[in-house]
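S.K.: From Swiss-Prot, for reference:
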- 1-76: region 'Disordered' (REGION)
- 22-33: compositional bias 'Low complexity' (COMPBIAS)
- 46-63: compositional bias 'Basic and acidic residues' (COMPBIAS)
- 242, 243, 244, 245, 246, 247, 248, 249: ADP binding site (BINDING)
C-alpha cells in the first residue's frame, strides 16, 4: 500500500500544538460526520462532553454534538462543531464508507497502546457519498488544517487522482485503499474497471437472487427473535442460544444481513428450552457463553437505563442469580455436545460472527481440508 504526500507532512518536531480551552478553533464538520463521531464515542465508552483520564501533557478528547435540524439532515453542508482531538484520520468515500471505516478500524487495533499508555487519542471522521471534486478538495483542505491523515475509497479514477494530487500539494499523508485492489483485479481478470461510483446513473443495479435471499433472511430473523415461533427453528440456517445479554439479538441481525436465516433462543433459569431446539441439526446451533463479572456489569448497565427499582435490579443482575443462570446454560451445553459453544466475553459482534460462520461452513463443506466461506458474484 502506497503512502502519498509523505514529503509534505509535518515533521514531529514542527507539528503545531493542539489548541485547548476556549481558544480552540471551531472546525467545519458535516452533520453526518457529527453523528458518526458521536456514535464512535459512545461505542468506545467515552462520555460526551467529559474529559477522559489523561496525563498533564496529553491532549483531551471531547466530542460535542450540535442539535441537528431537518434541513441539516437532508444536506451535507458544514456546521460549526467544536472538537478537541489528538490525532485525526479522515475517511473519504464515494459510497457508504464501509470499506474505509472497517479497514482503518482493523489497522487501528494494532495501536491500542497509543491511547492506553500515552494518554492520547485517535479520532476517525467519515465523509460518505463524496461524488464531486469540489467537495473532495474542501475535505482535504480541512484535513490539512487539522494535520489529519486521509484514507479514501474512490471508484472513479479521476476522483482518486484528484485526491492524491490534492493530498500531495497540501502535505496530507494519504492512502488509496481501493485503487491497488481495483488494479490487481483488473490485471487478474484481463478487463478494465468501469470507474463508476456506487450511485452512478449508468451503473446496472440488478436485484439478483442474493439480494432477495438477504431480505428474506432479515425478515425471518426479525420474526424469530428472542425465542418467538419455536416451531420454525428447523427452518433456520443458524440458531443462537444463551442467557440474557450475551448479544444474541444484535449478533443474529448482523449475520442475517449476510443472507443467513438466524433464530435465537434465550435460556431462562428453571424454564426448559423448547423441544424443537433439540430437533435442530446440532451443527446449526451455537451456544454463547460469557464471563460472570462481565455479564453482571452488562446487566447492571441495562437495568440502570431502564430505571428499575433495587429489587428488580437484584433479580436480574445480582451476582448469585447471574452465576446460577450461567451454570444452568452450561448444563444444557453439556447435554448437547454437538453444539459449538463460543465465549463472547469482550468480543465484537463481527469477531463472534466470523467464528460462527467459519464453524458453520466447516460443518457443511467436506470437499477441502482448508476452511472457506465461498460466494459468487
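Keep in mind that glycine also has a Cβ here, set from the backbone N, Cα and C atoms.
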S.K.: In sequence order, what residues of the same chain, 6+ apart, have a Cβ less than 8 Å from the Cβ of residue 245 (ADP binding site)?
M.R.: 295, 298, 299, 302
S.K.: An 8 Å radius from the center of the 242, 243, 244, 245, 246, 247, 248, 249 Cβ atoms defines the neighbourhood of the ADP site; name the other residues of that chain inside it, in order.
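M.R.: Apart from 242, 243, 244, 245, 246, 247, 248, 249, the close residues are 264, 266, 288, 290.
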S.K.: Long-range same-chain neighbours of residue 247 (ADP binding site), Cβ under 8 Å, sequence gap at least 6?
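M.R.: Counting only residues 6 or more apart in sequence, the Cβ neighbours of residue 247 (ADP binding site) under 8 Å are 288, 344, 349, 352.
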S.K.: Quick check: in three-state DSSP terms, what is residue 242 (ADP binding site)?
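M.R.: Residue 242 (ADP binding site) sits in a strand per DSSP.
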S.K.: Using a Cβ cut-off under 8 Å and a sequence separation of 6 or more, which residues in the same chain sit near residue 244 (ADP binding site)?
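M.R.: Set apart from residue 244 (ADP binding site) by at least 6 residues yet with Cβ under 8 Å, we have 266, 268, 299, 316, 325.
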S.K.: Check residue 247 (ADP binding site) against DSSP and tell me helix, strand or coil, would you?
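M.R.: The residue in question, residue 247 (ADP binding site), is coil (DSSP, three-state).
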